Amino acid sequence: MDRVVHASAPGKVNIALRVGASRPDGFHPLDTVFEALDVRDDVVVQLAPDLAMSISGIGEDLPVDDSNLVIRAARLLRDRFGHCTSLDIVPADLGAHLAVTKRIPVAGGMAGGSADAAATLVALNELWQLSLKPEQLHECAAELGSDVPFSLMGGIAHGIGRGEQLTQLPSSETHGWVMLLNQQGLSTPAVFREFDKLGLGRATPDTTDDVRAVISGPTRGSEHRGLLGRAVGNDLEEPARSLRPDVAHIIDTIRAHIAAGVLGAHAVLLSGSGPTIAVLAEPSRLDSLAARLEQLFPGLTAVVATGPARGTYLVR
Ligand code: C5P
């Protein structure tokens, strides 16, 4: 059988990210608002004797062994739900080749690895004919990583816990983003360790109310995006600045340009745990803003994105 199944998953930006003090399990309680972006990774799967993967696009030098979240997602799905297959294959023998096309920056705070895991779950559920419900896919996603459930869901969502307990927020407005990519990545655990070292945890991190009020509120168009720009914020910016003065300098420069009204953007913030920097702007101005930012910071690459984008779906 050579059936091919194709799934597409979005990257994300955290419009707001509030972080509490470290829990006994080492994770940090989050209160966050995610927005899915139309920068997407694809996973194309076919039945094969074993589990194996390949990567094209960006990230071709990433490992393709058991350390890759794609293989871990496939194993978890097979071990947990392989018995649900309606194929005439013993569950332990379910295999696949997984071809990943990456466009979401690697180690950039845009959840590219999580998107690949989400696409893997959706594609293999179809290929292996497991007929799993969304809750069952969510259960696997939450085990694989804090951002994987949101990659499945997409749109705009409020996340608590580790970020995996999600509530979709109604959203009719389009947001434009220029994502400024840095060649040198930044490790998420290292940023959280620095957060602890600096003693930054909020007693109650549940303070994304202002952003949620704008998202679900009555304003439209540029007025809406202007209000949102004043409400955004990311508690991981301080530890990321401490680890990466170069990133701090870029954010400060953009912030000063925005305050002076010379950039035509609404806000700048760190994306997730960085080092990608997200600039919120009018959707019609993204290309000129991207060109201007690349001119100001010659070492950086600007990627244009809009949100909210659809969650993970099968490409028919
Ligand atoms: O869940 P995920 O694999 O994305 O997390 C990567 C790392 O980020 C964790 O191992 C942990 O060090 C840190 N983290 C955290 N608190 C969270 C989410 C992630 O400390 N809520």
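Each residue, glycine too, has its Cβ placed from N, Cα and C.
Automatic, uncurated: that is what TrEMBL annotation is.
According to TrEMBL, the feature active site maps to Lys12, Asp147. Under the heading ATP binding site, TrEMBL lists Pro105, Val106, Ala107, Gly108, Gly109, Met110, Ala111, Gly112, Gly113, Ser114, Ala115. What TrEMBL lists as domain 'GHMP kinase N-terminal' is 68-155. Positions annotated as domain 'GHMP kinase C-terminal' by TrEMBL: 226-297.
Features per TrEMBL, on structure.
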residue	record	contacts (Cβ under 8 Å, 6+ apart)
Lys12	active site	Phe34, Glu35, Ala36, Leu37, Met110, Ala111, Ala115, Asp147, Phe150, Ser151, Gly272
Pro105	ATP binding site	Gly11, Ile58, Gly112, Met179, Leu181, Thr276, Val303
Ala107	ATP binding site	Gly185, Leu186, Ser187
Gly109	ATP binding site	Leu186, Thr188, Leu270, Ser271, Gly272, Ser273, Gly274, Pro275, Thr276
Gly113	ATP binding site	Leu69, Val106, Gly145
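Most other Cβ atoms within 10 A: among the binding-site residues Ala111, Ala115, that distinction falls to Ala115.
Secondary structure at Lys12 (active site), as computed by DSSP, is strand.
Compute the center of the Cβ atoms of Pro105, Val106, Ala107, Gly108, Gly109, Met110, Ala111, Gly112, Gly113, Ser114, Ala115, which mark the site for ATP; besides them, the chain residues with Cβ within 8 Å of that center are Gly11, Ile104, Gly272. A sphere of 10 angstroms centred on the C-beta of Asp147 (active site) encloses 28 other C-beta atoms. Residues of the domain 'GHMP kinase N-terminal' (68-155) grouped by DSSP class, helix first, strand second and coil last, total 52 helix, 8 strand, 28 coil.
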